[in-house]
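Chemist: Pulled the feature table from TrEMBL, pasting it below:
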{"type": "DOMAIN", "residues": "3-207", "note": "domain 'YjeF N-terminal'"}
{"type": "BINDING", "residues": "52-56, 121-127, Asp150, Ala258, Gly315, His368, Asp435", "note": "(6S)-NADPHX binding site"}
{"type": "BINDING", "residues": "Asn53, Asp117, Ser153", "note": "K(+) binding site"}
{"type": "DOMAIN", "residues": "223-495", "note": "domain 'YjeF C-terminal'"}
{"type": "BINDING", "residues": "Lys405, Gly406, Cys407, Gly408, Ser409, Gly434", "note": "AMP binding site"}
Amino acid sequence: MTPLLLRSQIHALELAHAALPLMQRAGAAIAAYVRQIALPGSRLLVLAGPGNNGGDALVAASLLHHDYVLNVVMFGDPQRLPDQAAQACRDWQASGGELHTALPVLGDTPGYALVLDGLFGIGLARPLQGGAAALVQQVNALGVPVLALDVPSGLCADTGAVLGVAIQARYTLTFLAHKPGLYTHDGPDHAGRVQLARLDVPGPDVADLVAGDAGVAGYGHLLDAPGELHALKRRLNSNKGNHGRVAVIGGAGGMMGAALLAARAALLCGAGRVYAGLLDAQAYGLDYLYPELMLRDPLPLTEVDAADCVVLGPGLGQGDLALYLLEAALRLPAPLVLDADALNLMACTPTCAEQSCARSAATIITPHPGEAARLLACSVAEVQQDRIGSAIRLAQQYAAITVLKGCGSVIATPAGHWWINRSGNPGLASAGMGDVLAGIIAALLVQGLQPQQSVLTAVHLHGAAADGLVASGIGPLGLTASEVGLQARRILNLWLARADAS
Ligand SMILES: NC(=O)C1=CN([C@@H]2O[C@H](COP(=O)(O)OP(=O)(O)OC[C@H]3O[C@@H](n4cnc5c(N)ncnc54)[C@H](O)[C@@H]3O)[C@@H](O)[C@H]2O)[C@@H](O)CC1
Ligand SMILES: [K+]
């Protein structure tokens, strides 16, 4: 899996390799990338900011000078540039290059083919205001493709939050290592297609260098592959009893669909037996589309007691029975997946955190940002400003593997490990998708994947299913949770077959 490094970790890496000509290498990587996406002779707008991100842009400008028409806009005082960037600026001027202080008016001359955004990188320290914000807005309004250098200016490299206003890039060439902010929250909307230039930093893996040379740990990973699925491989001599029992509890009046979606997803992803304990007194005794499901009253908890994993929450409601079931479930020895109303109830029942921390089996919580905010007693905006930190705080508060859903879902463990999922698309922003995810997690868990691996695989699978459907013209508009459950089955089996063949 690809490492994701926070700004402090990148700085540590830079320090460990200060003797290498990293800015020259960044400039060369930019120039090579530009040659792939812009025709020689075309006009480029280069934005150079007051730090080393500006230095990268100026090195690239010098390298591209002979083959392109370049307009370089310097934001900030060139006399106050840091040393290497100041040298890059002198080199640019020595080669006959000009520095503009504002966007040049082009008049009748042909427009820009590409903008190179070297305003701010990982040194962004506060929201953009005044001249910087105005420049970013002007550039976004040009409607010209932008190549962001390292990070789109205005985007926080750690969190993916827009600080004031941010460059809307079509491409991002990022240096040394991938940054989490490019993959979660507003990052993907601003970064466009991301490519890494490792700048020939020696060693097999940047993360090894960070952990080893610079002594910095705690980096995360981009969840861009399904991981080890060996435990799902079935023996020829197997029966349904070998493939686990899932119990889904939820489906109060008017919300039966949520519980059925979770239960169906568990069935489709291979659970041997799936029970659905429905709170709705009017619930049918049969799921006519999936008669394989066993629909029950949630009380007594006989089947629930015997389940290998319990999913509690889809359509649960927040009445007395729901709270009773939550407290009973927290006492069960089986792994527990808590979603939706189970999380809302936990947020307003302080003893639940204590109960959750006392459990011996795995607890998994899958909040969306609204549920996370309730659990953390803060605003949704605060959760979103720091999705990784919020997921880790929740994981620790409830001793639970946590999936903070949303663009670039963040998975975190109580030990502080974290991942950002790369699969998925806005088609998943519709009703029932979370129920399907909860069902998939439970199905993988009861078939023998470890809890952490079940969660990682399920989150990636859920997104990959949506991506597969969109690629075939189903969605993003109108993509349904039922379709995602079916497609998840298909992809999971393809992954298994691929793992088998290799
Ligand atoms: N240091 C190194 O070894 C390397 C650095 N590289 C580049 O250098 C970048 C980091 O350079 P820096 O640490 O100099 O940081 P930046 O160039 O990202 O920006 C820092 C400068 O911007 C100003 N600033 C920050 N936020 C502002 C705001 N909201 N409004 C106005 N001014 C603001 C700061 O006062 C400072 O002058 C990386 O993103 C990367 O592009 C690369 O060349 C690779 C090697
Ligand atoms: K930038």
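Just so you know, glycine gets a Cβ as well, placed from its N, Cα and C.
Note that this is a predicted model, so its numbers are computed, not measured.
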Chemist: Could you tell me which of these binding-site residues, Asp117, Asp150, has the greatest number of Cβ atoms within 10 Å of its own Cβ?
Modeler: Asp117
Chemist: From the binding-site residues listed here (Asn53, Asp117, Ser153, His368, Ser409, Gly434), select those whose CB sits under 6 A from an atom of ligand 2.
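Modeler: If the test is a Cβ under 6 Å from any atom of ligand 2, the answer is Asn53, Asp117, Ser153.
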Chemist: Sequence order is fine: just name those binding-site residues in Asn52, Asn53, Asp117, Asp150, Ser153, His368 with a Cα within 10 angstroms of Ser409 (AMP binding site).
Modeler: His368
Chemist: For Asn53 (K(+) binding site), which of the listed binding-site residues (Ile122, Asp150, His368, Lys405) have their CA atom within 10 A of its CA?
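Modeler: The binding-site residues passing the 10 Å Cα test are Ile122, Asp150.
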Chemist: Quick one: of Gly55, Gly406, Gly408, which of the binding-site residues has the smallest count of other CB atoms within 10 A?
Modeler: Gly406
Chemist: May I ask which residues of the same chain, at least 6 positions away in sequence, place their Cβ under 8 angstroms from the Cβ of Asn52 ((6S)-NADPHX binding site)?
Modeler: Met23, Pro82, Gln84, Ala85, Gly121, Gly123
Chemist: Where ligand 1 binds, which of the binding-site residues Asp117, Ser153, Gly406, Cys407, Gly408, Ser409 are close by, with Cβ under 6 Å?
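Modeler: Those binding-site residues that pass the cut-off are none, since no Cβ is under 6 Å from ligand 1.
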Chemist: Which residues, same chain and not among Asn53, Asp117, Ser153, have a CB within 8 angstroms of the centroid of the CB atoms at the recorded K(+) site?
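Modeler: Sorted by sequence, the hits are Leu47, Gly49, Gly54, Ala57, Gly118, Leu119, Phe120, Gly121, Ala148, Leu149, Asp150, Val151, Pro152, Ile167.
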Chemist: Residues near the AMP site, Lys405, Gly406, Cys407, Gly408, Ser409, Gly434 excluded, by Cβ within 8 Å of the Cβ center?
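Modeler: Result: His368, Pro369, Val403, Leu404, Val410, Asn421, Gly424, Leu428.
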Chemist: Quick check on the binding-site residues Ala125, His368, Lys405, Cys407: which one has the highest count of other Cβ atoms within 10 Å of its Cβ?
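Modeler: It comes out as Lys405.
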